[in-house]
Amino acid sequence: MPNTAMKKKVLLMGKSGSGKTSMRSIIFANYIARDTRRLGATIDVEHSHVRFLGNLVLNLWDCGGQDTFMENYFTSQRDNIFRNVEVLIYVFDVESRELEKDMHYYQSCLEAILQNSPDAKIFCLVHKMDLVQEDQRDLIFKEREEDLRRLSRPLECACFRTSIWDETLYKAWSSIVYQLIPNVQQLEMNLRNFAQIIEADEVLLFERATFLVISHYQCKEQRDVHRFEKISNIIKQFKLSCSKLAASFQSMEVRNSNFAAFIDIFTSNTYVMVVMSDPSIPSAATLINIRNARKHFEKLERVDGPKHSLLMR
């Protein structure tokens, strides 16, 4: 019997012009940053269903941020908007001149969430950080984060700095979708087993359409803590370039005297990246190991997937 889809309601909210639709279009609709300039303002609520990892469907509510719409969300549409929410993503324009009003609307959202979906996870994105002078970004973000955490009580919120012009958008959205994957701990355990079996330094699992990182394993600390989202951004751009040439991205191998890295189609919904610090291991051996693990990870993607882990045969 085929698995039924598991729908997760995600609210995307924030003042008009804060950049909600632009980031949604980049992550889920394959826009590049410069093309988002032609997007118009969202009218009321735009619904979209994004299939993610096969059975998981993100029911994304992109809520227009004009004052009239915002007031309606908290009055006549309150129950409809805020009922059965899994995740609230609130986007703040870091250069907004109406910060007090932004915070007021955010707190109104939290009150409605507490009443209708008290278990929802809250994410705050301090957006358009590219407009802030580089030497001021850490300080400004830290101040905003402290304010948002204080205003969010008794709820917890996770804060991210974001920009459509760099990899920070992928870091934030990878963290968000990670919270929505039902069997993520089982996935991570099997990814760790897989990495240890093939003697890999790192293994990353990317969602196939968005190239968001959904799981990873590393056996030792690496110098660049932002490398995952950088890879997401680079490969997503490369995939889009391939599409413009009527070609599809299949796989990639990068190798030098210190390491070998492989990116390959893994399951019907994922790509895998394997990093080996022993470049003497033949490429063919690693690619065979990836191929042999595919069937097992295909089963894991189902909500009712197997409870056993990947072990050496």
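Placed from the backbone N, Cα and C atoms, the Cβ positions cover glycine too.
Record check of S152, S232, S309 in Swiss-Prot: the feature phosphoserine is attached to S309. Record check of K101, K142, K299 in Swiss-Prot: the feature ubiquitin cross-link is attached to K142. Swiss-Prot marks one residue of K15, K230, K295, K307 with the annotation ubiquitin cross-link, and that residue is K230.
In Swiss-Prot, the annotation ubiquitin cross-link falls on K244, out of K8, K121, K244.
In summary, of the candidate residues K20, K220, the record from Swiss-Prot lists ubiquitin cross-link for K220, whereas the others have no such entry there. Cα-Cα distances to G65 (GTP binding site) place G17 within 10 Å, out of the recorded positions G17, H127, K142, L148, K220, K230. With respect to T36 (GTP binding site), the closest of these recorded positions in Cα terms is K244, chosen from K142, L148, K220, K230, K244. According to DSSP, K220 (ubiquitin cross-link) is assigned to coil rather than to any helix or strand. Cα of T21 (GTP binding site) to Cα of K244 (ubiquitin cross-link): a distance of 23 Å. Fewest other C-beta atoms within 10 Å: among the recorded positions H127, K142, K220, K230, that description fits K220. In this structure, of the binding-site residues G17, G19, G65, the smallest number of CB atoms within 10 A of the CB marks G17.
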